[in-house]
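Chemist: Mind having a look at this structure? Questions to follow.
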Amino acid sequence: MPRGRRRTIHFSKLYSFSCIRSSFEDVHAKIGDRGYSRVVYCNDPDNSEALQLRYRGNYVSTTKYTAANFIPKSLFEQFRRVANIYFLVVAFVSFSPLAPFKAVSVLIPLLVVIGATMVKEAIEDWRRRKQDVEANNRKVKVYGRNHTFIGTRWKKLRVGDLVKVHKDEYFPADLLLLSSSYEDGICYVETMNLDGETNLKLKHALEATSPLQDENSLERFRAVIKCEDPNENLYSFVGTLFYNGREYPLSLQQMLLRDSKLKNTEYVYGVVVFTGHDTKVMENATDPPSKRSKIERKMDKIIYILFSTLFVIAFVGSVFFGIDTKKDYSGGKMRRWYLRPDDSAVYYDPKRAEIAAILHFLTALMLYGYLIPISLYVSIEMVKVLQSIFINRDQDMYYEETDRPAHARTSNLNEELGQIDMILSDKTGTLTCNSMEFIKCSIAGTAYGHGKTEVEMALANRRNGVAETGHISSDVVEHSTGEADSSRKSIKGFNFRDERIMNGHWVNEPHSDTIQKFLRVLAICHTAIPVVDKESGEISYEAESPDEAAFVIAARELGFEFFERTQTSISLHELDYETGEKVDREYELLQVLEFSSSRKRMSVIVKSPENKLLLLCKGADSAIFERLAKDGRQFEDQTKEHIHKYAEAGLRTLVVAHRELGLEEYKAWEQKFLKAKASLTEGRDALMDELADKIERELILLGVTAVEDKLQKGVPECINKLAQAGIKIWVLTGDKMETAVNIGYACSLLRQDMKRIVISLDSPDIIALEKQGKKDAIQKACLASIRKQIEEGFSQINEAKKGSSSTKAFGLIIDGKSLEYSLKKDLEKSFFELAINCASVICCRSTPKQKALVTRLVKNETGKTTLAVGDGANDVGMLQEADIGVGISGVEGMQAVMASDFAIAQFRFLERLLLVHGHWCYRRISMMICYFFYKNITFGFTLFWFEAHNSFSGLPAYNDWYMSFYNVFFTSLPVIALGVFDQDVSARLCLKYPSLYLEGVENILFSWTRILGWMFNGLLSSIIIFFFTTNSMIPQPFQKDGQVADYEVLGVTMYTCVVWAVNCQMAISINYFTWIQHLFIWGSVAFWYIFLVIYGSVSPSISTTAYKVLVEECAPSPLYWLVTLLVVVCTLLPYFSYRAFQTRFKPMRHDVIQQKRLLSCNNDQIDASGELPVRVRGKLRHLRHRLRERES
Amino acid sequence: MSSNTAPSSSAGAGSADSAATRRSKRPKYSRFTQQELPACKPILTPKWVISAFMLVAIVFIPIGVATLFASRDVVEIVDRYETECIPLSSRNDKVKYIQTPGNKTCSRTLTVKKHMKKPIYVYYQLDNFYQNHRRYVKSRSDKQLKDPNSANTVADCKPEDKTNGASIVPCGLIAWSLFNDTYTFSRNQSEPLPVNKKGISWKSDREHKFGKKVFPTNFQNSTLKGGATLNPLIPLSEQEDLIVWMRTAALPTFRKLYGKIEVDLQQNDVIHVTLDNNYNTYSFSGKKKLVLSTTSWLGGRNDFLGIAYLTVGGLCFFLAMAFTIVYLVKPRQLGDPSYLSWNRNPGGH
């Protein structure tokens, strides 16, 4: 989906309750044009025109491959990697005499590696296919030719079919709703699979089709739908129904989308409009943008280095080979006559030594190919998948309340989690719960509500217990809250305590009429749906946003109970303030002017039972105050003051206003509005906004609501830990500055000792300029002002740096408007400089686009790894822009999760995700890659040294099969175990010492020095292996019976040393030895001997040089074993000594922590702080788990 | 999962039906998935480092001493003869001399410096001879050597595959260039020292790689003669010189077993060697040596292993001492919390 649209569209468009009644003559200009060409013949399967259209069937396939194209397509995917291409070319060339070894021995490892990856692909695809098959074979009832409904499989549905869907069934395709079990043709739909929202949405059929209630009436139903072509826009639909000679406009209101579910409705009838891949949900199925981790990108560079090394040594070898070959035959004289240089194939021909050298170069490229680890990619992929499983299975990241474990949606970014330098976080729903509680309100200039918010409590703490709560009428707090709490149960979303207006007491307040109007607005101006519990008669609400639910609940609790909604009316149980009795009142609903992020307000127009036309409006203060009538500003000053105080207390405020409309005025406006609404032109939205703007004027201010968004559990602690881990956190929020700042304090993002640098454009001169309305002047002034403020910020920081040793930390707070200017090219740099010098940054009032822009700026400017975390659709851009996007699977739907790389249920799990899993994965992957290069360099260079001793003729030092099994059997499993299981310190210590995380941020474990160090270690090992073995075994007899070590024996001895050396190197470099590591490491070594015995006992025509080489020749020789011991210890010594010196003189962070753990373990088995040893804790947890299982 | 579940106002229409089917997604506990498997976590503590170094030293030094003794036990007589066996007049053009047919007998005198216990192994050592050249190594037919019916499998043997259209057995460059210097020993002028040439090859070679029914045919019949000829009446499995030669050496300097002298040689015994200097190492300036050697449990004489063991053992001992001193002189708590402070670099970058 294109990002821009996703951000701006609001879901309320899914269910506007407007009624379209009037004419549409000129509306469908676009129908039939390009993009609007679809024609559906309803319930007319034999129509010849319908048959001609040949729309796709309802068969759906989400698989990447089909049986036919699997092999070529997956092979193509495989060979997009440079290394694999190289190995493929090698495999082909190895069939020529150029090859230093048998072709099969090259082919088999390649086949194993490619095969493993292909099997993985195939399994994944098979799973997808199984899902497809399940979906395609679901049953649905289709209206057949014999005028009854017959069960059919989903995949057999065709466009134009009439289907009947029952309660709790999924819609098999995109349907046009004709009628439902309800008389007025409405139905409820759950769109969980589409957008993750669990609340029900109302759909309603056209009045013209809603009487089609039974199978007989359907018999005569024939209609034609002309509509838009298939597209991925979930939130719009344009079409026309031609039925009974009339045209009816269709909107999303009549569409039932595939993969959503029918709820609370017995059955519906619908016509299939889009099938299979044409459905909106399938059109939406796109893969998230693929991201690669920094380590992998660096790894590519290392591969290139290895390739160049390969070319260099191959070239050097060829030169020497050419020279040697050339010398073999000159002037009719043969030098090395035993090679018959006089009669030679081109590969060794001294007369054409140059060509021989070039051909030899190719041979050498193949021979030294062992420098490139063929199994690296596949091993890394396997390891990452296993790591992801560990993330998904982590019990400590499971959130019980929503029953959601953590989910690694992409596995290729695991190690990036360990290198996060900066977190960009959304606020609402990410730091906070996004469960809104109505806590305060201000009506007619009087503030109501005694509840204390978390922010207020944090503020109180901050002021060292000074009991200043920022509260407006705090005198009655104590006794009233106590009373209220004991007398009534707590209600979700409602935390309002004020007996002045509760329980109907509001009638006695001075401005009771205003209070009545205020509560009425809360009860009417929304898009919630009441759900009546049949047994208890209690009413709950399905609302678009938690804010809205909070308002409706508040209205209910205060005596204005909204209990029924039809397409044209809203009914309330209302407290009549004159009689004090409850009466039912029905408001006729005329229009809904929807909420959007640009409008920042929503309104409804209703006709009251007294036939008064009312416009009820609620919205952001900035949007409402400028629309107030002159005589509607009676309480403006007090209200503004209250808004300010509420914002300070971390509350979200909405201003409530209303207006009475004249009939004439409304009629005139309605005509225009309906016309605009029915139009299909591109500018429709803008036109509607403009018209809405015209009527939403001259409002009368009623009051302000204040809703608290509670901080999520553990957020301050988590932020504190992350800060200790050296991670900088920026908060990007759409909230007001005061709210944002206070939340900042509440979640310890801002601390008391921090100095605040505020950049905003709220200065009086700019406001004055804005009133004059000269655009150029405003821009200039703004830019100048911001530049000045940034400079001031710099000077503050510099002063602090120079001034005292106790460097004060800085917090930067910037508002959206300033941000817009700051992100302009010429200011970008200096703004950014300032921002990274501050410990915390809060951007308030920022739009989704700005969020994404800031993310990009940070990512590009620092070049460091950024992580964005958010929960809503407005964070999608940010999540995709950042190196890693983490979605909070919370209340606001699944968009963020769908666009994310990792999904967690609570912000606090970020701590474990980064500090534990991130750190481990980073460590594992970087060690694994380093080790991979080490082991292949060790091996590859022994070949090179041997070449140097056979005049670079291209003879491998080892038997072909030893070599091809090197990467596959003798060294692969331990390195995978390293990548999956190794941990430097336990999870508990990772969390206890967050500074450990800096190893990843500073990229210590994958720095060039470390990589080159490992490579050098490999080189050194190869030198030790080759020269020690040759010098001690050759030329004297190596056995008591006088036999000398020949080519075969030397090969086996060297190979034994290599296998031992690389496996022991692994053993001394890992930190964590479970039985798995032991099995893999020692098993690999043992397997080498077993292999040698087995391979050596098959017929010599197959085993060639390996025939009985261990049993007869090596094993009886003590020299062979002594050489192995010497060489292995010598290869390990450099690394071991280096590590010994390092831990002693320049310990790394994990060394220190390991040491500490050891000390504390020795001192007291059970820590004084009550921390139990790991085993005990594991046992405890296990017991607890069993207990829980038994209970449930 | 009760009190404050769904944060929105939803009382959940249709939650009843899903509750029955819904299972908790809580990950199952196992030590494996929670990454809490029992493990040992080795740490390089001073104690460990020192004991590891000490262990290596303690193991290596005795081994070094033992191997060095074993190596020194071996008595070895090496006689380089490739120049001396050419008459002074021909030394300007050795290649021509060696390529000219004729009697090239040469006699050498060796003195036994130390008592040599039987068996005494006789080796010839060649230098600068690339038996490990790829062209050379590949130039053989294992099938032909083993199977009398595969005499024509000579594809790999070019150019020594056929002569006048008939396949050569054994074919290939290795066999063709078979070493053909011969040695005859006598002690103290008179007493002949028989050289046992049986059992000088690997048993598996004799039994499984060289056929009992394969006889040399057309060998050394081509215009360009290589090295030794073979008796066409003896099967390959008994041509031990050939079998030894066909085991290609790993490096350009190598020894090959010529035979065994199965009597003790006393100190100051004078050994006369009558050798036929036939083999051409002159065109590639290779050395030729005759080696008589006893063996110890470790094999022949080579001090390298012993010295290496002693050196590494000594180095480890030195490192162990150095670390001990460092730890004693300047013990530092490694659990120094200042290393963990994140305040160390304010700003965190």
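One-based numbering along the chain as shown.
Here the Cβ of each residue, glycine as well, is placed from N, Cα and C on the backbone.
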Chemist: TrEMBL has A:Asp426, A:Lys427, A:Thr428, A:Glu548, A:Lys618, A:Arg652, A:Thr733, A:Gly734, A:Asp735, A:Arg845, A:Lys851, A:Asn874, A:Asp875 binding ATP. Which one of A:Phe595, A:Phe902, A:Phe909 is in the same site?
Modeler: A:Phe595
Chemist: Using a Cβ cut-off under 8 Å, which residues of the same chain at least 6 positions beyond either end of the transmembrane segment (A:355-378) come close to it?
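Modeler: Those are 81, 83-84, 86-87, 90, 93-94, 98-101, 106, 109-110, 113, 116-117, 299, 303, 306-307, 309-311, 313-315, 317-319, 321-322, 325, 346-349, 929, 932-933, 935-937, 939-941, 943-944, 947, 952, 954, 956, 963, 966-968, 972, in sequence order.
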Chemist: Just checking a number: largest C-alpha distance across A:Asp426, A:Lys427, A:Thr428, A:Glu548, A:Phe595, A:Lys618, A:Arg652, A:Thr733, A:Gly734, A:Asp735, A:Arg845, A:Lys851, A:Asn874, A:Asp875 for the ATP site, rounded to a whole Å.
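Modeler: Between the outermost Cα atoms of A:Asp426, A:Lys427, A:Thr428, A:Glu548, A:Phe595, A:Lys618, A:Arg652, A:Thr733, A:Gly734, A:Asp735, A:Arg845, A:Lys851, A:Asn874, A:Asp875, the distance is 26 Å.
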Chemist: Checking the recorded positions A:Asp426, A:Thr428, A:Asp871, A:Asp875, which are within 10 Å of A:Gly734 (ATP binding site) at the Cα level?
Modeler: A:Asp426, A:Thr428
Chemist: Going by Cα-Cα distance, which of the recorded positions (A:Asp426, A:Thr428, A:Asp871, A:Asp875) sits nearest to A:Arg652 (ATP binding site)?
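Modeler: Of all the candidates listed, A:Thr428 is nearest in space.
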Chemist: For A:Thr428 (Mg(2+) binding site), which residues in the same chain are close in space, meaning a Cβ under 8 Å from its Cβ, but six or more apart along the sequence?
Modeler: A:Asn434, A:Asp709, A:Thr733, A:Gly734, A:Asp735, A:Asp871, A:Gly872
Chemist: So are the transmembrane segment (A:1118-1138) and the transmembrane segment (A:1011-1029) touching or not, going by 3+ C-beta pairs under 8 A with a sequence gap of 6 or more?
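Modeler: In contact, yes.
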Chemist: Using a Cβ cut-off under 8 Å and a sequence separation of 6 or more, which residues in the same chain sit near A:Arg845 (ATP binding site)?
Modeler: A:Thr733, A:Gly734, A:Asp735, A:Lys736, A:Met737, A:Asp815, A:Gly816, A:Lys817, A:Leu819
Chemist: For A:Asp871, A:Asp875, listed as binding-site residues, tell me which one has the smallest number of other Cβ atoms within 10 Å.
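Modeler: Result for the binding-site residues A:Asp871, A:Asp875: minimum number of other Cβ atoms within 10 Å at A:Asp871.
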Chemist: Per DSSP, A:Asn874 (ATP binding site) is which: helix, strand or coil?
Modeler: helix
Chemist: Quick one: find which recorded stretch in A:82-100, A:302-323, A:1011-1029, A:1049-1072, A:1079-1098 has the most Cβ pairs under 8 Å with the transmembrane segment (A:106-123).
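Modeler: Comparing A:82-100, A:302-323, A:1011-1029, A:1049-1072, A:1079-1098 against the transmembrane segment (A:106-123), the winner is A:82-100.
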Chemist: Filter the binding-site residues A:Phe595, A:Asn874, A:Asp875 down to the ones within 10 angstroms of A:Asp426 (active site, 4-aspartylphosphate intermediate), Cα to Cα, kept in sequence order.
Modeler: A:Asn874, A:Asp875
Chemist: Test of understanding: applying the rule of at least three C-beta pairs under 8 Å (pairs 6 or more apart in sequence), is the transmembrane segment (A:1011-1029) touching the transmembrane segment (A:928-946)?
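Modeler: Contact between the transmembrane segment (A:1011-1029) and the transmembrane segment (A:928-946): present, because at least 3 Cβ pairs are under 8 Å.
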Chemist: Which of A:302-323, A:1011-1029, A:1079-1098 shares the most C-beta pairs under 8 angstroms with the transmembrane segment (A:961-981)?
Modeler: A:1079-1098
Chemist: By DSSP, what is the split of the domain 'P-type ATPase N-terminal' (A:40-105) into helix, strand and coil residues?
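Modeler: Within the domain 'P-type ATPase N-terminal' (A:40-105) the tally stands at 30 helix, 3 strand, 33 coil.
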Chemist: What whole-number Å value do you get for the CA-CA distance of A:Asp875 (Mg(2+) binding site) and A:Phe595 (ATP binding site)?
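Modeler: That separation, Cα to Cα, works out to 19 Å.
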